[in-house]
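Taken verbatim from TrEMBL:
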type	residues	note
TRANSMEM	84-102	transmembrane segment
TRANSMEM	284-307	transmembrane segment
TRANSMEM	327-352	transmembrane segment
BINDING	400, 401, 402, 504, 545, 568, 602, 682, 683, 684, 798, 804, 827, 828	ATP binding site
ACT_SITE	400	active site, 4-aspartylphosphate intermediate
TRANSMEM	881-902	transmembrane segment
TRANSMEM	914-934	transmembrane segment
TRANSMEM	963-983	transmembrane segment
TRANSMEM	1003-1021	transmembrane segment
TRANSMEM	1033-1057	transmembrane segment
TRANSMEM	1077-1098	transmembrane segment
REGION	1112-1133	region 'Disordered'
């Protein structure tokens, strides 16, 4: 049988073999279709019109509770078993299924709408020798398509040709990695020669063999075979779906992966169904309740059997048994009858109420104006409505850096020239002034070529340059000459710099505004405008950057024949190569660098050296020999570079700000006070990540130590982690203590947890991607986890998307704590889906992370409000709701249990059937919803002011198994009072007129009235925050109860529906008696007084953090928003951060004669006025390459 199913699947095309290699041929659809590759249509929806009902019902009945209520409904259809009408279960069940189905249908309709919008986009496809405008969904693997400027890339394409020199194209990868800087891609020369010739492209028959579909954004391996010539393909030759073509008039590409096979969709992955810890606990509790229910029913069934044998025979004269029914069968039927009667221990309304509460709290997030970002018109959005209370339990946050913590905008903030610092403002008393938007800006209108978006506030620097200060002029001349920036002059005077890194763009733009304008370059020359005068420098050599050198230099010859080497790089590197005469200047500059580093700025040191002609001639000969050598080329080049880059003269230093998003340091500080640990997982380089760590106050000077793990071997990584752990906690055991336990439904899930180890003081950990790869191996995972969790801050650099997810999974597996991942690009999707809660940053950085997230907003600072306000409130409300709900339902059900001992275990209900139906759906539904939607212990401002209020949620103190047992005990006590007080009060009691009122119907009315009054008072005690809605719900529900009761027990209803309303006249006969109201008062007092006394004693002896803050709230006025103060000056003793996100090889590229465009003006490529790039933010530079090799975009 096992072999038959696969055979039929294969026969009907259901089974698809796993793809090991992709083989496709250009312009040959029949050949490519034979492989049955996916077309370019995407489908994220779950249902269609035919499958919705069966699939949705199947999914809903997979929930234990729904299946249980369906079983109860079937039981109620059996007359011999049921003592309740079928509608008491059918109506709530249909209501629950209907509400959930409507919600699921609405979500799926939105997914269908999004899919349709994307699939119906248009693109030019080469079909039968001509370009046709086709829908995206009709594009096939092997098709050649034409893209134009500002178009989205349709599928994963092999770039064939472009309008740009050297077959380059520029793409914006915001959808993939959250970066708005432009990246450069380059086609093969063999395909680039086709240009835009339709005839050549139509006859192109290249064959591609490449890797199968995968989610690795940074790697691609394959070959192109054309005319028996094989060319290698890598990631630089591929355009990925989700990118946008920029600054390129047109390009042609060959579709390699389409639709679901594209790397974008592969990264989206399968949507993970996330459930909260309360959901998991509820499943366990419901299972326990089922066991408890079965136990109660068994006890009562045994009681029925005993009663039938001892007492039942007496009643057979009045109530003869049906044929074939004896005591044992009666006991068996009684068991199932009590399953129906006592089913309210798990009422179906519980699940309806939970969904409504979660939906309501989700709307609060959507409607919160304090989380709305007006600049991009982006509100916060709860994309998942089932995880709200989890937001109140987060222990670990995993954050991306670029676009999440930072804006990916570089600004030239300060500089030090010849020992004098510029960029800060001071008042007459010498105090530092805070720079705001209202601060007076330097006027650059005198410079026609100045960038209007450049902002600087220190007027003294411009005056120094204008006065002809030689050091200041050399400083900016260096910035204008020593770089690999490519200029583009779209119209006369409108310069656009395409910088390989945003740092370089910021420095060249600063030089431009201060009068040293980089205008154009050729392979042999650099043209700059020096204070309006055109100067052409001969470019003698470019000494390129690499990760070891940490510097770059250019050698130029000025028009007057002076030869100069200009160098910029990391301070530690440059200082070693300075002339001894610079020692005093170096001390002053170092002081400035430490100040800049203290403020989290990215710094570079600038130096120069004059060369004579004869020495340069000899050096160029040695340089030529090194460049042309075959063996040890890199080492020989380094030696030649070292030889000339010495005895340089120090000019000064630059400080560039990698702009943080507003409020990031304050947000991180508040979250840290809430005992939330923040780990930064970034693809950026170590220096950059470290700088941001200091800027965000995650890394601080007062930390005892900051460990850097950067070993290149497994043993080296283990030793570094081990040494760090021993330093933090010398007495810790060598091997971790792993606690193994079982959890989940039926306790089938095995869990492992590693306890936190106490550390004296704060520590930080920085670990590189290659070291992290070793640390994540199974035999070293726990060492990494132990060491990292001892640290207050963890920063992982150069990590891949997969490593981000692995780190999250590691913490989830062994810490049993709630995790949250926040990011903004497709490279964060795996991390976002791996965490318990995924948050996407929306805005100009792209939407891929948002589409996979559970919550989204535009700025990182809103995370504080999401967790400390909305998350905490949601958790608090849900826990209060569950405590109260279980209390009121157990109390309701236990009264049935006690009544069984007085009704011969006959499964007779103690309440009226209509009260049983309405109790959870009408009488107690709205008050508990009011509590769960509006209650708050303190308001939002106090919540933010006291982050410590968040910690009880992390420890799960408000609802757990212990509190559940306490609820049951409380309910048991209340039910005893609510049964025996009315029973004793009404037993042998007569009315004022002497008539007997000790009948079943009067007792039922008294018991249910006492119950409703007591649970209403209990709700009032649990409510901290009263609103008009709460008041209306509580008093309205009580009023509705009495109104409905008098109506249903009236003569009119009895005459119309005699069998359905048998309690005729009971209400008016009972509720007009003083002793009945006295009984209600006495029962309520006995139920509520112990609760009030217990809570009073608890607050006096063991007050919680909530009690303390609420006491403070009553005594103090509402806290005012914190005043804006300029950040205090922080002097850093560490070496300043190196600010150069550069890639090796660009020196060769800028001196390539084939690279440069013809010097002609071109029309503006950004026609759309509302485009993000058209309305460029201040100094927001577009890079034309990725980070150094092996990096991942953060």
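Positions of Cβ are set from backbone N, Cα and C atoms, glycine also.
These figures come from a predicted structure and were not determined experimentally.
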Region pair the transmembrane segment (327-352) / the transmembrane segment (914-934), three or more CB pairs under 8 Å: yes
Whole-number Å value of the largest CA-CA distance among 400, 401, 402, 504, 545, 568, 602, 682, 683, 684, 798, 804, 827, 828, listed as ATP-binding: 33
Considering the transmembrane segment (963-983), which listed stretch of 284-307, 881-902, 1003-1021 counts the most C-beta pairs under 8 Å: 881-902
Tertiary contacts of the transmembrane segment (84-102), as residues 6+ beyond its ends and Cβ separation under 8 Å: 53, 56-57, 60, 66, 69-70, 72-73, 76-77, 340-341, 343, 347-349, 351-352, 355, 909, 913, 916-917, 920-921
Best-contacting stretch, by C-beta pairs under 8 Å, relative to the transmembrane segment (1077-1098) and drawn from 881-902, 914-934, 1003-1021: 1003-1021
Other C-beta atoms that fall within 10 angstroms of the C-beta of residue 545 (ATP binding site): 24
Cβ neighbours of residue 402 (ATP binding site) where a neighbour is any other Cβ within 10 Å: 29
